[in-house]
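Undergrad: Here's the feature list from TrEMBL:
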{"type": "ACT_SITE", "residues": "CYS194", "note": "active site"}
{"type": "COMPBIAS", "residues": "17-28", "note": "compositional bias 'Basic and acidic residues'"}
{"type": "DOMAIN", "residues": "31-269", "note": "domain 'Thymidylate synthase/dCMP hydroxymethylase'"}
{"type": "REGION", "residues": "1-28", "note": "region 'Disordered'"}
Amino acid sequence: MPAFGSELQRPPSPPAARERGSEPRPHGELQYLGQIEHILRSGFRKEDRTGTGTLSVFGLQARYNLRDEFPLLTTKRVFWKGVLEELLWFIKGSTNANELSCKGVKIWDANGSRDFLDSLGFSAREEGDLGPVYGFQWRHFGAEYKDMDSDYSGQGVDQLQKVINTIKTNPDDRRIILCAWNPKDLPLMALPPCHALCQFYVVNGELSCQLYQRSGDMGLGVPFNIASYALLTYMIAHITGLKPGDFVHTLGDAHIYLNHIDPLKTQCSVCDTTFHPRRKEEHNKALCLQMPGRRLS
C-alpha cells in the first residue's frame with residue numbers, strides 16, 4: 001500500500017471494463033480507497049448541514065465487477081443486515097422507519113424521530129413517517145402522498161416493475177431508469193434522496209447498473225450504497241434471466257467528514273491490496289424478490 005498522501009496507482013479509466021482493447025481496472029475496493037486518498041489529499045474544506053465540516057471533491061467514478069464476486073468492502077465492516085433489510089424495505093415501497101427499527105436496523109431512526117419531524121414542520125405525522133422517500137418513488141412515483149399507512153396500490157408509476165419489464169422485453173432500451181428524485185415531493189421528505197437515479201444496461205447477457213449519487217459520505221454511506229445497488233443489480237439480473245455485469249458508481253459531492261479523517265487514514269494504511277471478493281454464492285439467499293403482496297416478476 002502506498003504511504004498516505006500518494007495516490008493508489010491506477011490505469012486510465014476505460015469506457016467499460018470489458019470492452020475490447022480496454023486496460024484492466026484495479027479491484028473495486030482499490031478504486032474506493034484511491035478515492036479516499038484523493039479526497040484526503042486534494043479535497044476542499046466545506047461546511048455542511050450537520051455542522052461537522054467536510055473535505056469535498058466534485059465528480060468521482062468507480063466501476064465494481066459483479067461477475068462471480070460481490071463488492072462488500074473488506075477493509076472495514078459494512079452493516080450487511082442493514083443493506084439487505086433497507087433494500088427490501090425500498091422494494092416494498094415502505095416509508096415507515098419503524099419497520100426497519102423493529103428488525104434492529106436503526107439507520108432511519110433519527111430522521112423519523114418526533115423531534116426531527118417537528119423541526120421540519122411535520123408535527124401532524126406519526127413518528128417514523130419519513131414522507132415520500134425512496135421506496136415510495138420507486139413504486140408509486142407521481143402519486144399523492146398521504147401518510148405511511150395509506151394503501152397506494154395502483155397509484156403512480158411503479159418504476160421498479162417497469163424497469164424489470166423493459167429489461168425483459170426491450171433490453172437495448174436506453175431509458176431503463178429508476179429515479180428517486182421527485183422535485184414536487186422533496187418538501188415532504190424527511191431527507192431528500194442522496195442516491196438519486198440509476199440506469200440499467202444489458203449487453204452480452206449481462207446486466208449492469210450505473211448509479212448517480214448527488215451526495216456521498218465516503219466513510220459511512222458510500223460502502224453501504226455500493227453494496228445496496230450491487231445487490232439490487234444481482235436481484236434484477238436473477239429475475240430477468242441475466243448475469244450481473246458491472247456496478248458503476250458516479251458521485252457528485254464526494255466528501256469525508258472531518259471527524260472521519262483519522263479512521264479513514266487508518267483504513268487506507270492497513271490495506272495490503274490483497275482482497276477476498278465475496279463470491280455470489282454467499283448471497284444467493286438474498287436474491288428472492290418475493291414480498292408479502294408485492295411479487296415482482
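Backbone N, Cα and C define each Cβ position, glycine as well.
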Undergrad: Express the predicted model's confidence over the domain 'Thymidylate synthase/dCMP hydroxymethylase' (31-269) as a mean pLDDT, rounded to an integer.
TA: 98
Undergrad: Among all the protein chains here, how many other CB atoms are within 10 A of the CB of the residue listed as 'active site'?
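TA: That number is 19.
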